[in-house]
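The structure appears right after this line, and notes come after that.
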């Protein structure tokens, strides 16, 4: 049969697969097949050689264990454990955004975690190539679990700053806040109202924005957080996760 | 939560740091991680094949055997591994489930063995992945149908206490159960055939007088045909009323298809009887006679093939509906096209679109009568397209119906074959069971022989006999022996107990129970010689023979016996056995004859013990005991 119908059929099958539970199947397919299908079904015909390169790039192999050991603060064994879990869920070696969203959504069944996962993905994907490789993953985790408070706060600021311009505006914060509240879902007590995120943003800005210029810079953020007891204590909360 | 997600939980927790600066309230304390041990490999030894995996892999599913502490029961201290005495091939799938989160069903595996393994390891079969789920469900359904068929056969068995009504219903539903039912079955079948043939012959033109035009036989021999019709309808009415009477649920019976067919078959006759006087409605009366042809459907009670066909059509209702719908669509389209194509030509038969329907149907089903033919070129072109598409449209749903029919038909064939083989299978199973019951009796005799040998002091014979039974067998036999010893009849002074006995003896003793005396061998029995006379005298006699067929003598005794005896239990045991089995009773007493017992063991089928019925001292109790067949009080022990 002709290729286009085959790809259509495969796409149809894929969508059929996506409906099901079974997390790792989706991950597997999404990692490899989605890229393949998009490659094949794309209208501009590429060179077959480039296709091969594209495919081979999908199978990503991380840097050596020693290098990662040097770059992160994890021990060898911890890296092994992390990689085993990572590779098990994503045999091709990279996580793309949809998979990332699916993984993260599994932890928050009541609400919609896709928006927040999108922001998280951007925070992890430091080189902005659309996929999170094992190195990105491990670097991010290293900061979050083994970094200094300064580094952690830096990471958080990076997360909130959606357009990475160095300033957190009210709109950005509102987006983040809405994403966080979306994760809660509808079944909360008391019921979340429409303006709750907005109010929360107001509270945040009142606390953080010292010079009242409507944006929060990195220094304001770090200073304010370091003066807040609760935040400081919570930064150490997940230290022994791994 | 799925398996792999557990591996990403550290990541999700770490990412929660992103919420901290936003939060206003202090966070709850994290759960303490007790003895954070490093991940280790554990070895699972399944029937010799060693599987190794990380402990964390198994911990992903804590509600299964391997993921919980239940596996500690299988831990082998010496070899430091977990040993499971199960099928290693199926275990592969099970372990892969932990590793990948997907459970697959291997196609070559028997469905029930797979189910058992899953049940053992505590895995719910519903999580089988989509790739294998359909196959699993299909096989399971097939298996269930097979087992259900086997169970259905059992309901043919005659229950002991059936009322007349139930017997009748059973006779109607299963004609092979009794001769009367079979006769009735064939008679009704014959009359259905007669009725149908009558209806057909009625319309054939019989020979007529030369000056008259031909008349159908029905009008010529009106009386004869009327009598035939009346007879048939009477038979059918009686049959219907009898079925209605016998039906367990009359309302449900009246709604069933067969009863509706019955009613429709006989109703025209009665309506005809009522309406013959009125000339106005005679036209309608003629129409009603058409319904008489429904009598032919009554044959479906007699033919299984017809029933299968009907069932197939019912189960393919959606395909048939689709066929009908697509045909209708095509007919309307082509009829319209043909009408407009032929509108121009003169003297065209295509006078309207509905008139063209007939042409379209005839063409699409490739009949091609030729009474309506297109004359214009456009008409001919569209006509040919119509016939080609007709072939396609009809050919598409038909294979589905055919495959459905084939499946149901083969299922029925299989069921019939299984039923036929069932008897042979059961007989084989029974033989193997009696083998084990024989072993027990054999060992008992050997035990007796051993005792005798001990008395006489020869050892090599003893060795020869003792090594023939394994430890398991000897323990089993000891258990049965203990049961025998337990069932002591309490009221009698002398110690005799019920014994396992061959069915042959049971039958013989049952038949000759009242006729023979038991030559007394027991030293403890009183020396009163028994006279086989009335049951009373038999009862007072102290010659008791230890026979387990307690109820049999009670059955033998007349029901009018109402004496109350102090030895309520004894009366149940007063059956006499023939001298052949005296040696059996000698097991209780000391051995007089060391010769091995000459029990004939050729036609043994089952061993029977009976539950000693509680001592009854009331007359009613006496009368009650013998009620029902003898084997009501007898428990068959066949699974030895």
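In case you wondered, yes, glycine gets a Cβ from its N, Cα and C as well.
According to TrEMBL, the features are:
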DOMAIN    A:112-147  domain 'EF-hand'
DOMAIN    A:148-183  domain 'EF-hand'
DOMAIN    A:196-231  domain 'EF-hand'
Residues of the domain 'EF-hand' (A:148-183) by DSSP state, where helix covers H, G and I: 26 helix, 3 strand, 7 coil
Remote residues contacting the domain 'EF-hand' (A:112-147) - C-beta distance under 8 A, at least 6 residues beyond either end: 60, 62-63, 68, 71-74, 79, 82-83, 86-87, 93-97, 100-101, 104-105, 154-155, 158-159, 162, 175-176, 178-180, 182-183, 185, 238-239, 241-242
Tally of residues which DSSP labels helix, strand or coil - the domain 'EF-hand' (A:112-147): 24 helix, 3 strand, 9 coil
Predicted model, mean pLDDT over the domain 'EF-hand' (A:148-183): 88
